[in-house]
Structure formats: C-alpha cells, structure tokens
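This report refers to the structure that appears directly beneath it.
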Amino acid sequence: MPPTNGAIDKLDYHPGRPLLQDDDSGEHNSGRPTHPTGYAGSFFEQVAEGIVDRDRRRMRQELIRYLSFAYAIVACLCGGSITAYSLYGHLFQSRLHYSQLRVNGISIAAELGLYLPVPIFGYLCDRFGPGRPSLLAGLLFGFGYLVAAFAYRGGPPPDAGGQGWPFGVMVLAFAAVGMGTSCMYISAVTTCAKNFGRGKHKGLALAVPIACFGLSGMWQSQVGSRILYERRHDGTRGDVDVYRFFLFLGVLLLAVGIVGAFALRIIDEEEMIDEAVEELEQSGLLEDSEFFRRGYGTINERRHSSEAEADFLRREAEERKARAQEDARKKTWLLNEETRLFLSDHNMWWLAAGFFLVTGPGEAFINNLGTIIGTLYPPATSSTQIPTSAATHVSIVAITSTIARILTGTLSDLLAPATTLHQHRQGPNSLASSLASLPAAPAATRFTVSRLTFLLFFSLLLSLGQVLLASGLVQQHGERFWIVSALVGAGYGAVFSLVPILISVIWGVENFGTNWGIVAMVPALGATVWGVVYSA
C-alpha cells in the first residue's frame, strides 16, 4: 500500500501494472510487474492479431474468388450443349419425320430461349448474385432435356403418321434448354466479370469461360458419337443414341446448376458499388437526382439521432438495419442509373447492330452443319460415301472458336491502348473532364491494337468463310469443308469474346449482367432471320 503520509515513493510505481491496483502480494518491493506483459505489449499484440485476421480474411476471399472462377469454367464447359444440335438435328428428319422447316423451328425456339431472356437473367445476377440463376439453369436444363428425351423416344408425331408426342412438346423442351443455356452462361460470365473485371487481365478472365462455353459442344458431341451411339446390324457404330444422349445431358446439367448455386460467389461487391456511386457523385450527372438530394442523407440523420438513445443494444441493431437498408437502396439506385446510361448511349446501339449482322449468319451455319454437308454431294449419295461428318465439323468449329476467344482475350489485354475506365460516368462538369482538358504529359509509345480492330478483323474472317462456301470451292470436295468451318468458327468465337469485353471496359462491370444481356438479345433476331432464309 502507498505510504500513509501521502508521499509517493519511487518503489510504489511498477511498470506493466495499473496505477490504482493494490499490491496484496508485496511484489512492489521487488520492482517486477504484476502482469507478464505491459500495456504496450498488449497493444502491439492486438495490432498483430488484427493484421493476421485481415490477411486471413483476404486469403479466404481470394480463395473463394478463384474457386468461383474455376467453377464458372466448369459450368461453361457443360452449359453450351445446344451447340451440338447439328449432331442429332438430321435425325429429327429421318426418325421423327420432321420437315426441314420444323427442324429449323426447333433450333429457332432454342435460339429465342437462349437470347431473349438474357436481360432478365442478367438482371437477376446483378441484383441477387449468380447463385440463384445457376439453380434456375439446372432446373430448366433438367426439364428440357428429359422432356425431349421422352418425346424423341415416342416416335413421329400424329400429324406425321406416328403415335408420338406432338411437335409442340419438342419445341417447348428446346425453348427450356435455350433458357437454361443462357441462364448458366450469364451466371458464370457475370461472376468472372465482377470478380476480375477491375484488374489488368479482364480480357483473359472473360475469354476463358466464354471459350470453354464453345468447347462444351465439342466434347459432348464426341461423347454422343463415340460412347452413346447406336449399333448397326453388322455391329458397327451408327448415329448417336439421341434418347440416352438427352438423358445424359439432363442429369449432368441439373447437377451442375445445383452445385453452382453454392459455388458461384462475387467478392467485394459492396466496395465496387461504393466506388461506382462515388464516381457518379463526382461526375456532375446527378444534379437532379432525388437519391442524392433527399434520400441519401436520411439514413445518416437517423443514425445520428439513434445515438442519443440510452439502450446500446437497440441502437446497434437499428444502425445495422439502417446500414443494410442504405446499402440495398444504394445498390438498386446505382444499377438502375447504370442501365439508364447504357441505354441512352448511341454507341451501344451501333455495337448491337453490328453484333446482329455478324452473328446471324454464323448461327445459321452452326445450327445446320449436318444438312449443309449433305448439300455438297448429289442427294443419292449415302452418308458413308461422304468423306466427313457433322460431328467432325462441330469439333472444328468448337476448337477454332475456343482458340480465337482465348487469343483475342489475351492479345486485347496486352495490345489494347490504355483507356479511361467508365467514361460513361464522366459528365461535362466532372473533375475527370476538367483534367482531360489540360495538356497531357508525353507518354512512352508502344505498339497498340484497338479491340475494335480485332473485332473487325475476325468479323471479316467469318464473312470470308461464308463467301468460300457460296463460291462452290468445296462443292463435291467435302475434304475442303474444314476451311469454311475453321473460318466461321474463329470469327464467331472471337466476336462473342470481344463484345462482352468491350462492354465491361467501356460501361463497367457493376451492371455487366444486365448490359451484356441486352446486347446478347440481338443474335436471337439474327438466328431467326437467317435460319428462316436457310430453311426456305
């Protein structure tokens, strides 16, 4: 205890022990602290623990980011099953007695299901994350392929002289398959765009899953033609067993969609939303925004008034609830504003128009590979006399498309000139616009190639393939048909890789699912127009 006369001796102070704590053990004579570590040690231990926790949390987030990327690749490797349509499309004619117009009608129904609902599925990805669309994709795939399997097994429909299921059932089944394809595709690609779209390898991060989407048709067509095939009377391998092939696809894709509901995650979305809101706030475009004039401050006022309440637990609960409401309202407002800016940009409409003109002929070619090959020779020629097959060219299209997608994604990252991100958020009164008017410092020159240059080059490659086919160069020479398939596949794949990359670079990734979904609608119209032209 301290001396009774009120004087404090130097031995009464012991470092590492609270000043007002009594010393019942008499340790003050030894000069040793009561606690093994002092306050400074405790403080630095807490700092170290905080750093370790932060690093552990960051490592866990990076692990989830890359696991989501890996599963997005798996989903795309399985989700493009509709690209194998030409493997069995001709069997709808020979086995179910469908006309060429009906065969094309089924593919058009799948194309419409593939492209028209994409904005809705993109909207779901942006608002609720990619997990729910992935689950929905699995359910649509399971329903579509299982119904198609039993409709095929039933034989020709009544209006074709059989006792099978009506033609409309097959159309409905493939419309569901098309919707499942777009839903799984957009959930996987949106996951990659939002997790990696702000890095320097955004092109490759988008090109890899998109390329894998094209590869799915290749390996699935090989499974169908080499494993799930029918045997002829002499024991040789025949056509694909469509019933078993559809059952295989239905079960596989249902499982992929269910797992994707838990595996596809977006990391740091709150931080991305906050940065985008701050950019828009500084852009000068929001002077008339009700959200920023009135709504944005009300929650902060509520938070400050709640601090005067006596009940601490209730105050904390109200603050958490208010913060969650503010975040949800801010995200909804931002995504709506991004959609408005995207639709009001005339550049987007020109890009969509070019996308329509390029993808339509490519869709018609890919969907009708089997019947196109048949037109290279006289009608009396049997399939065994033709030196090539639809399965081979489905694989050629898939391989060249995959190479072109990865190549354009990688080269565009390396060679594209540096651009100002999110230019659509820079109003005339923004700080960025003011700085842009100042003289720029001389920059180091390097060889650059614009992403639009890549887009034009590969569009011309696709056109060249169509010209070679129309010229008659491959007529009676099926062994040359691979040139046409390779050119069309490369052009088609590159265009489908570069357009979403351009959208993510120019209009940002916060609303990527909705923005890309809007542009991805136009191939549906292209597929319909050129599909009808081909069948006619």
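Any Cβ shown, glycine's included, is placed from N, Cα and C.
For 11-40, the entry in TrEMBL reads region 'Disordered'. Look at TrEMBL and you will find 63-85, 105-124, 136-155, 167-191, 242-264, 454-475, 481-509, 516-534 tagged as transmembrane segment.
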One stretch in 63-85, 105-124, 481-509, 516-534 has more Cβ pairs under 8 Å to the transmembrane segment (454-475) than the rest, namely 481-509
Can you tell me which parts of the same chain pack against the transmembrane segment (516-534), counting only residues 6+ beyond its ends and a CB-CB cutoff under 8 A? 104, 107-108, 111-112, 114-116, 118-123, 182, 186, 189-190, 193, 342-343, 348, 351-353, 355-357, 359-361, 363-364, 367-368, 499-500, 503-504
Go through the chain and flag residues at least 6 beyond the ends of the transmembrane segment (105-124) whose CB is under 8 A from any CB in it; none is fine as an answer. 82, 85, 89, 92, 98, 132-133, 136, 170-172, 174-179, 181-183, 186-187, 190, 363, 367-368, 512-518, 520-524, 527-528, 531-532
Examine the transmembrane segment (63-85) against the transmembrane segment (481-509) and state whether at least 3 Cβ pairs sit under 8 A, considering only residue pairs 6 or more apart. no
